[in-house]
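Visitor: Would you mind keeping the following structure in view while I ask a few things?
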């Protein structure tokens, strides 16, 4: 049998920018949410590739390198390791995790550009830009600081004022200075390549009309607001100090690089090609052939996860670039957009030291990753901004994991081990059992529907509902004093179901629970059913433990 390489779904997480380590908002905003959905799809017997990678070009990397007296590549290589360490701790199960500084990505971006350029969709324009005579470079927005013309804030950045929030061109700043040497720059002319998005407005509108039914509401609204206005041409090339970007393969533009958002979105296709090439075992699909063709991308469904600040680049920029190639690349089918996660009612800030960042957790001194995966799913900012609160965190872990799910599963398994010699043997179901099965099956199917629609919080709540119904059923059995052993054996099937349903959210805990049940991880079945015969494992112990006082103190006293 030939090995299958084509997949139905390519699930992507917006590429994390590698100038710094991710905080909790970054993690739930795209990477963790995409991981949960990918795990669900795999259990739902769908053909899936989940990929992402670090976004490593642009001025922010250059500035971080300058501040630390390192090269941009050093910054990327060091932080790439940090990112991967954090994602590994969170049990993010990528099928492929790449980086945009790879030679494969450079080639893919340049090939993509050549298609668009050959089709006549780039135009050359001469623009004026700040030029620092002392540094001998054109100054990108991040290399300029000055006084805001709107509010007179004296430390306004080159593209947006932190004082009043206005956006503007860097040339609009008063008394602009170079951030590298603090001298006053001159204004010089430079030629760049522009891409006119308005050429594709009709196609973008058609894409929106066709696929936005599968998009989260915030993604729809943000995209609609752009489509309701004229889409202006945007500069797709840059003059950067270290030429830190994908080089432009065009005569007279050899010293320029592509705008970081031009190359970043193409990264999804690069990483998929790298994924296929790495797994190819046939001469027909060797690495060179994979990168010479785009046929492997046909008939794939693109499902994309991101924060709301990245929507424009994925629903306007990315599809427009695809349209401009005149090739059959997959267009965004499903879109899941998160709002912002606050930390104790304020924005995360590395510079102000406010918030929990990935490296704060990887030593497990504030609990295992399953606790953090669960809580971040619980507060996932799906429809509006949500808030991380230490008090809420500890309350949720105790109420949901210990008192609800943990207590129910432990009660059932301990009874079967101690009172029934670890055995499940059921001949027929009672009327009460049939009613319970109907109730559980209804909630189970709601879980599947919610997760399929990427309503992740809603899916999580369905597990709690199932556990609650299980608790009530067991209590009814005990109170009735009728067929009590049989009742606990019936309840065992609910425990197994919970173990399967938890896997996308907290895979390590799911594995532990299924091991105690002596069951394997399985794909989702069509309906909930009662397991008539089974034998549970020997080592039955609480799935979760109460947060001890010292851990609660460490969490509540954490100051960033």
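A Cβ is built for glycine as well, from the same backbone N, Cα and C atoms used for every other residue.
Copied straight from Swiss-Prot:
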BINDING   350  ATP binding site
MOTIF     16-26  motif ''HIGH' region'
MOTIF     347-351  motif ''KMSKS' region'
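Relative to the rest of the structure, where do these features sit?
Guide: The 10 Å shell around the Cβ of residue 350 (ATP binding site) contains 13 further Cβ atoms across the protein chains shown.
Packing against the motif ''HIGH' region' (16-26) from elsewhere in the chain are residues 52, 54-56, 58, 60-61, 63-64, 75-76, 79-80, 82-83, 86, 99, 307, 340-343, 348, 350, 355-359, 372, 376, 388: each is 6 or more residues past its ends and has a CB under 8 Å from a CB in it.
Taking H, G and I as helix, E and B as strand and the rest as coil, DSSP gives the motif ''KMSKS' region' (347-351) the counts 0 helix, 1 strand, 4 coil.
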